[in-house]
C-alpha cells in the first residue's frame, strides 16, 4: 500500500519537475522568436535562409535556368507586406525557377531578430536595411558590396554617391523619404490653436505646446515628450548649428552641454506645466496601435512621422492628418533622403540572382504598380510619374512631408558603429530624468562619458 | 571480457545522448568560458583581454549593479509569494470534496499556457495605461496609472505575473500533501490539536522536502526570468525591470558584446550555484526526511 502510494508520488514529482524544466528551457531560449510573436510576425516560414541552402546549387551561381530560392526579409505594416508578397509572385512568374522564402514583421521585431541572424551567419539573401543601422551592419561585415550594380538612369548618381560608405554602396535606395510631424488638423482648428507652419522653429514648437495647454481640455496635449528620444535631441543640436552627436563614422562624439541642458530643461518645464503628458503616459504609447497611438488615441495632437510610415497613421484617422517638417534652427532641421534600402547578405549563395532582383525591384513598371507607395516615394522617377495620377490621399500626405522638409533638410544621422549601447543608455537615463530620479547635469555627465568612451574605442 | 563487451554496448546505447551532451552542451559551455576572457563581437575573431570583462563588470558598469539589484528584488519577493500562494491553493485542492478533479483541472489549466509570450501580451493589456485594470478602477472613480510604464510599479506587475504562474509548484505541493499519512492527523485530532497546530506540527514538517525542492527550483527559475521582462517592459522604465537575463541578452544580441555577455553568464552561474549551496547547507536544519527516522534540529 505504502509502496504504491510512494511510486505514484515520485511519478507525479518527476512529471512536475519535467514541466518546470520545460518551462525554464522555453523562457531561456525564446529570445529571438519572442520578438516576432510579440510584434505580430505573420510569416509562416521558419528559417529564411534555410530555403536558400536547400535549393540546388547552380554551380557558379550564374546559370539563370536553374531553380533558386531566395530568402528575403523586410519590416513594415500590413499594406507593405501584401504588396511585397504580390511583387515576389510577379517576379517568380516573370523569372520561372526563382522562388522566395519571405519573412516579414514589424520594425521592433525586425531589429531584434536580425542581430541573432547576423551572429549565426543565417541572414537571408536579400534584406531590407535602414539608414539608421546600415553603418553598424557594414562595419560588422554582414552586407555585400553592391557598387558594381549599374543603376544609371534609374537613380540620381548624386544620391548614390551620398549613400556610399567608405566609397562603396551597400544598399539600393528604394524611395525618397523624409522626417516630419503629423498633426490632428480638425482637432487643432476646433480648439482655435494656430496650426504649425512650414519651416517652423523650435521656439514656435514649444510655444505651440504651451498654447495647446491653454486651449485644450485637461489630459490632452499639443506635443509629446521627446526627452528620451536621442534622434529628436540630435535634430535640436544639429539644427542649432552643433555637430552631430556621432561624427566621422563614430570616431568622434559631441554632446553640446549648453544645448543639451537647454533642451532637456525646456521639456522639464513643459512637464511641470502639464504641456506634455506625464512620464508614465508617455512611456505607454505604442505607435500605430489604435488605442495606444499618441495621436490616434486622441491624447496628443502631434507626433513624428516619415514619408514611408505616415500612411499607417492616416489609415487610423482618415482625413484628419496633416503634416509639417521637424522644427528648424538656424542651420536647418529634419532630413529628406533615402533611408530604406535593399541589401544582399555577404554570406548569400546566390548573390547574382539577388542583385538582379534588386534592380528589377526598382525598375520594373509592373513591380512599381504593385508596390505603389508602400516604401515611400519611389526612387525611380519613371515609376513615380507612372504612379502619380493614381495616388490616394494617404500617399499624397507622405509626399507632402517630403515637400515640407526638403528645403531646410539636414543630413540623416544614423547610429554609428558601437553606439547602440549609447542610444539605449540615453533612453533609460532620460527616463530617469522624466521621472525625477536623475538630474539633467548627472545625465549629461553619464551620457558624455559613455559617448566619449565608445568614440575612443572606434578611433 | 564479457564485462567489457557489456560496457561497450552500454556506451553505444547511450551514445546519442552522450554525443549530444558533449557537442551541444559541454562544448558551448567551455566555449563561453573562454569567450568570457575576450572581446568578441561575433562577426570578428575574439580578442583575448584577460580579466577586462570582469573588471568592467565589478568596476564601473552601472547597468550590472542595477540589474543585480532588480533581480534580487524580484527573487526576494516572487519566490516566497509563489511558494505561499501555491501551497494555499494546493491545500484547498487536497480536500476530498465532490467534483474536486474538475476544480483541480480548472485551476491548473492556465499553467498549461505556461510562461509564454501570449500570457505576457495579456499582462501588458491588463496593466497598460489603457488596460483592463484601469478600466475596472475607473468604474469606481479611481484614476489609474500606467502600471507597467511607471518605475515604481513595473517590477510589481512582473512579480504578480510570476506568482500567478503557480501551476507546477502547486502540483508538486499537492503530491506532497497526498503523501502525508492521514493517521497523523487523526491521532493529533484525538489529542486535541487545532487546525493551526496540525498545519505547523504535521503538514509543514512532512512537506519540508517538497518545500525545499520548490524553493531551490523557484530561486533558479526566478534568476533566469526573461520572457516577461522582454515582452512586457523591455527592461524599462528607467531600468526598473532590467533583470539580469535581460541585461545579458542585450549585451549579447543587441550591443554585440558576446565576450562580456559570456562573462555575465558565468557570474550568474556562480551566484545561483552559491545560493543553491547555501540552500543545501541550511536545509539540514529545517528539512525533515521521514526515511531518516526524523533527524531534526
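Each residue's number is its place along the chain shown, starting with 1.
Glycine is treated like the rest: Cβ placed from N, Cα and C.
Curation does not apply to TrEMBL; its annotations are automatic.
Taken from TrEMBL, the feature domain 'ABC transmembrane type-1' covers B:68-279.
According to TrEMBL, the feature transmembrane segment maps to B:12-30 (among others).
Under the heading transmembrane segment, TrEMBL lists B:72-94 (among others). Within the chain carrying the transmembrane segment (B:72-94), a Cβ under 8 angstroms from the stretch's Cβ atoms is held by residues 100, 103-104, 107, 155, 158-159, 162-163, 165-167, 169-171, 173-174, 176-178, 203, 207, 211, 214-215, 218-219, 222-223, 225, 243, all 6 or more beyond its ends.
The transmembrane segment feature in TrEMBL is assigned to B:106-123 (among others). With a threshold of 8 Å between CB atoms, the same-chain residues lying at least 6 positions outside the transmembrane segment (B:106-123) that come near it are 89, 93, 148, 157, 161, 164-168, 170-171, 227-228, 230-232.
As annotated by TrEMBL, transmembrane segment applies to B:154-177 (among others). Below 8 angstroms of C-beta separation, residues 70, 73-74, 77-78, 81-83, 85-87, 89-91, 93-94, 104, 107-108, 110-112, 114-115, 119-120, 123, 127, 147-148, 203, 206-207, 209-211, 213-214, 217-218, 222, 225, 228-229, 232-233, 236-237, 240-241 of the same chain, each at least six residues beyond the ends of the transmembrane segment (B:154-177), sit close to that stretch.
Marked as transmembrane segment by TrEMBL: B:198-220 (among others).
Feature annotation from TrEMBL assigns transmembrane segment to B:226-249 (among others). With a cut-off of 8 Å between Cβ atoms, the residues of this chain six or more beyond the transmembrane segment (B:226-249) that come close are 63-64, 66-68, 70-71, 74, 115-117, 120-121, 123-124, 127, 148-152, 154-155, 157-158, 161-162, 261, 264-265, 268.
A Cβ distance under 8 Å defines the sequence-distant neighbours of the transmembrane segment (B:261-282), meaning residues of its chain 6+ beyond its ends; these are 32-33, 35-37, 40, 53-54, 57, 64, 212, 215-216, 219-220, 223, 244-245, 247-249, 251-252. What TrEMBL records for B:261-282 (among others) is transmembrane segment.
Within the same chain, residues 75, 78-79, 82-83, 86-87, 91, 169, 172-173, 175-177, 179-180, 184-185, 188-189, 272, 275-276, 279-280, 283, 286-290, 296 sit at least 6 positions outside the transmembrane segment (B:198-220) and bring their C-beta atoms closer than 8 Å to a C-beta of that stretch.
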